[in-house]
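Below is one structure, written out as structure tokens; the observations come after it.
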Amino acid sequence: MGVVRVQHETKMENQSWLKKLARRLGPGHVVNLCFIVVLLFSTLLTWREVVVLEDAYISSQRNHLENVANALDKHLQYNVDKLIFLRNGMREALVAPLDFTSLRNAVTEFEQHRDEHAWQIELNRRRTLSVNGVSDALVSEGNLLSRENESLDNEITAALEVGYLLRLAHNTSSMVEQAMYVSRAGFYVSTQPTLFTRNVPTRYYGYVTQPWFIGHSQRENRHRAVRWFTSQPEHASNTEPQVTVSVPVDSNNYWYGVLGMSIPVRTMQQFLRNAIDKNLDGEYQLYDSKLRFLTSSNPDHPTGNIFDPRELALLAQAMEHDTRGGIRMDSRYVSWERLDHFDGVLVRVHTLSEGVRGDFGSISIALTLLWALFTTMLLISWYVIRRMVSNMYVLQSSLQWQAWHDTLTRLYNRGALFEKARPLAKLCQTHQHPFSVIQVDLDHFKAINDRFGHQAGDRVLSHAAGLISSSLRAQDVAGRVGGEEFCVILPGASLTEAAEVAERIRLKLNEKEMLIAKSTTIRISASLGVSSSEETGDYDFEQLQSLADRRLYLAKQAGRNRVCASDNA
């Protein structure tokens with residue numbers, strides 16, 4: 001147990017944490033660590049630049065979208081403002097109609113024709129629009145239609161007045177294709193004239209069955225606000241898709257009818273193309289409130305849709321939480337913004353190929369190339385320096401080993417042995433453990449050299465060193481101190497234990513024959529002297545070695561090939 005304890009304590013003392021760290025973190029590991037830190041920091045800085053660049057790219061996409069959305073909103077707002085103006089004029093006309101003879105005549109004419117299947121009242125084609133209507137019988141068949149109101153005459157004159165305003169408001173430069181007032185009392189006024197009276201019922205019922213009319217009932221539109229509706233063409237129809245902005249006309253809590261303006265989708269498509277900067281890439285798409293595709297600025301998708309149902313669902317989910325934003329879909333960046341004066345959303349789609357061709361793409365490519373170049377140079381530098389450090393470390397280790405070891409026997413040389421012995425002796429003295437020394441000298445070695453040559457002598461020394469090393473304990477230290485003489489240090493071993501080790505060495509040396517030439521073998525022997533600190537309490541290694549050396553010569557005088565552990569031969 002004492003031997004095991006000394007072994008453990010010896011290792012704990014000699015292998016301090018600094019030495020352990022130095023052994024584990026050799027020069028190669030330090031170089032690797034430094035280059036890894038540099039690579040991580042360079043990658044982190046590059047990543048930070050990428051994040052800043054991405055934020056700038058997203059802001060740029062939103063700014064481009066906002067510019068187009070604002071331009072489209074202004075035009076739509078202009079039409080909404082006209083619609084509100086017309087409604088206010090209609091309300092004033094309902095409350096205080098103009099007392100013109102022509103208007104009174106129009107009311108009289110209505111009373112004369114109201115029972116006819118279809119009728120038209122026209123004052124002056126250059127100044128106002130005609131009022132087109134159906135009979136009382138047809139009106140009574142509709143659920144939302146009614147002529148049972150006290151202000152029916154005022155509504156007729158108000159319709160003629162608003163027809164005059166509609167003609168003035170409608171012009172070729174406007175986005176609006178048709179402006180109209182449709183009454184629940186069975187008549188309508190439209191900027192698109194009805195050429196034949198027989199077409200009036202069909203056209204009227206086409207109006208009152210549209211969502212933009214039905215959607216303004218007091219149950220459907222309780223706030224009586226402006227609403228937008230989309231009409232999609234049927235499969236077999238030639239009707240062009242359009243959006244309709246409409247507003248209810250009420251007075252004294254009675255719903256009279258609906259004012260509306262229809263804008264063709266092709267007109268909005270043309271406006272989108274005109275509003276976009278020609279130097280910018282990206283596609284703009286207009287959707288209604290239910291994310292139904294209306295139009296696109298891309299000629300390749302005039303009536304198509306580049307989003308599949310899953311992507312539309314993702315887009316709808318993102319739009320639930322904000323009025324503007326962006327989302328990545330595969331290699332595309334999709335930004336969107338809800339319009340203020342249209343019940344829909346404007347979407348901008350920017351593909352990866354378009355981004356690469358743009359300014360941000362050029363900066364991203366340059367940044368990537370710089371990072372790749374820096375990383376490549378860093379790796380090349382790491383490889384060169386790592387090889388240099390590795391070679392220097394190997395050379396240093398080789399020189400250090402040669403400085404501490406005997407190259408022939410591969411045991412410690414004299415200087416290294418003394419360096420090892422002193423701290424071991426001091427440690428044993430501190431813990432009051434024995435410290436023993438064995439001196440070994442090969443018998444008749446000079447005769448072997450003289451008879452078989454120095455090469456044979458070198459082989460004998462190497463053979464003997466191997467046998468000595470194989471006979472020692474793990475904590476023992478052996479070295480060649482000169483010529484054919486060896487020294488063994490045994491920390492924690494008593495004199496008796498050291499003598500047993502010495503006897504084991506002697507037996508191993510003597511019992512094995514050695515081939516030194518063709519058909520020539522020899523058997524070697526050795527004389528050994530043993531000393532220990534137990535005898536005198538002296539832990540001085542040089543004194544113990546001198547004592548062991550003296551006993552070695554006593555063994556030689558006693559006939560060689562023996563162990564001497566006392567001064568009595």
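In case you wondered, yes, glycine gets a Cβ from its N, Cα and C as well.
Swiss-Prot annotations:
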- 25-45: transmembrane segment (TRANSMEM)
- 365-385: transmembrane segment (TRANSMEM)
- 433-568: domain 'GGDEF' (DOMAIN)
- ASP441, GLU484: Mg(2+) binding site (BINDING)
- LYS446: site 'Transition state stabilizer' (SITE)
- ASN449, HIS454, ASP458: substrate binding site (BINDING)
- GLU484: active site, proton acceptor (ACT_SITE)
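Where Swiss-Prot records a feature, it is marked here on the structure.
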| residue | record | contacts (Cβ under 8 Å, 6+ apart) |
| --- | --- | --- |
| ASP441 | Mg(2+) binding site | GLU484, GLU485, PHE486, ALA526, SER527, LEU528, LEU552, LYS556 |
| LYS446 | site 'Transition state stabilizer' | none |
| ASN449 | substrate binding site | ALA456, GLY457 |
| HIS454 | substrate binding site | none |
| ASP458 | substrate binding site | LEU408 |
By DSSP assignment, list the helix, strand and coil residue numbers for the domain 'GGDEF' (433-568), in that order.
63 helix, 39 strand, 34 coil
Check the domain 'GGDEF' (433-568) for me and report the mean pLDDT.
91
